[in-house]
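Undergrad: Mind having a look at this structure? Questions to follow.
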Amino acid sequence: MDTQAFKRSLHHSDRYNRRGFESPAKRAQALEKAYQSNLIASIRDNGYLLEHGRLRVKLAEAFGFCWGVERAVAMAYETRRHYPTESIWITNEIIHNPSVNDHLRNMNVRFISAEKGIKDFSSVEEGDVVILPAFGATVHEMKLLHERGCHIIDTTCPWVSKVWHTVEKHKKHEFSSIIHGKVKHEETLATSSFAGTYLVVLDLKEAQYVSDYILGKGNRDDFLRRFSRASSQGFDPDRDLKRLGVANQTTMLKSETEEIGRLFEKTMLRKYGPAELNEHFLAFNTICDATEERQDAMFSLVDEPLDLLVVIGGFNSSNTTHLQEIALAKGIRSFHIDTPERIGEIENTITHKPLGDDLRVESNFLPEGKINVGITSGASTPDRIVEHVIQKLINLSERKLMTEN
């Protein structure tokens, strides 16, 4: 399928909207009223530092809502204001934040149900309004909704769209796309639908496995088994790993994406030589600015003298998970929570999600005496949620101090 031609056709439809309905000023005002925090603004103005009694809170210097998320959330809310009585659907979570998605449900925005990863669009009717989330949607989903006569409101982050253009460029020039991402993540599913021949690698370890195969060190049957659900239909490693371009899920760890890019460049250089490199490898630049800023700020934060760190964001949020990885790699006692309610003020507990594990309750969360706490949040977390977490910490520190006295 010519995905570029389809996008051009869709974008010219009078039932397609990617600009929203309200002025930027009105949109910003509505979002500020819903999610911004005076406390967080004052902490920013104070060098990202709050001192209260025995508690010292240090915020990362870049955290929370990014521009793409703000745009998506604002467009979703204004869609309901523009269509006050129509049936409105969304193909997935607008962003990976439970409070924001619950707010949409309270506005009677319905979420497309899915069974074993297969979405059920049978209840969506002609004339219904359908919102595409910040992660985007697959070509198949967009085509289905367009042909059904739905009004499509596209909140896809422009950085995600940039990755789509990259893999389409690979396809046009007959390069296979190596996509650094999580194979079942909504964004990677959307990106791969715009690609031609593709392979999804989760991390540097998987990328190294592919590199070894290119250099003649792998087994074909093992390769096909390993990537059976992470490659385009009919992918042939002996045919399709000769010309490669690299792209990424925008929320992956920046340093790892860059390392994977360098690995494949060196691999193709070793196999084909410098004179032929450009015929076998396409350089890339699909790293999201906001992801990069938040990860860089996290690397700075973990260099502070911290007793513990709280990372706030949806448990299915890729960018939040990578922030937690940075903290743990530094050896800091760090907790990933999705809502302020995970902190038990009376019991001094925190219910958190360790990497790759189920929820766990930690007792004696806040230690005695003076304490330095670092805080950051993923790109889908509003400032007001961060404020509520800080208030919980303040209350807990005061309660524990009163108990000690």
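Yeah, the Cβs are placed from backbone N, Cα and C, and that goes for glycine too.
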Undergrad: For the dimethylallyl diphosphate site that Swiss-Prot describes with H185, S317, S318, N319, S380, which of these is also annotated: H96, H103, H140?
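TA: Only hit among H96, H103, H140 in Swiss-Prot's dimethylallyl diphosphate site, alongside H185, S317, S318, N319, S380: H96.
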Undergrad: Taking Swiss-Prot at its word that C66, C288 bind [4Fe-4S] cluster, choose the one of C150, C157 listed for that site.
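TA: Among the candidates, Swiss-Prot records only C157 at this [4Fe-4S] cluster site.
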Undergrad: Sort out the sequence-distant neighbours of H185 (isopentenyl diphosphate binding site) for me: same chain, 6+ apart, CB within less than 8 Å of its CB, listed by position.
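TA: Long-range Cβ contacts: F135, Q249, S318.
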Undergrad: Near N319 (isopentenyl diphosphate binding site), how many other Cβ atoms are within 10 Å of its Cβ?
TA: 26
Undergrad: So of all those recorded positions, H96, E187, T250, S317, S380, which one's Cα sits nearest to C66 ([4Fe-4S] cluster binding site)?
TA: S380
Undergrad: Determine which residues of this chain, when C66, C157, C288 are set aside, have a Cβ within 8 Å of the centroid of the [4Fe-4S] cluster site's Cβ atoms, and list them as they appear in the sequence.
TA: W67, G68, V69, A134, P158, W159, V160, T250, T251, D289, A290, T291, A379
Undergrad: Please give the maximum pairwise Cα distance, in Å and rounded to a whole number, for the dimethylallyl diphosphate-binding set H96, H185, S317, S318, N319, S380.
TA: 15
Undergrad: Whose Cβ lies within 8 Å of the mean position of the Cβ atoms of H96, H185, S317, S318, N319, S380, the dimethylallyl diphosphate site, other than those residues?
TA: I95, T251, G313, G314, N316, T320, T321, G378, A379
Undergrad: How many whole Å apart are the CA atoms of H96 (isopentenyl diphosphate binding site) and E187 (active site, proton donor)?
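TA: It is 12 Å, counting Cα to Cα.
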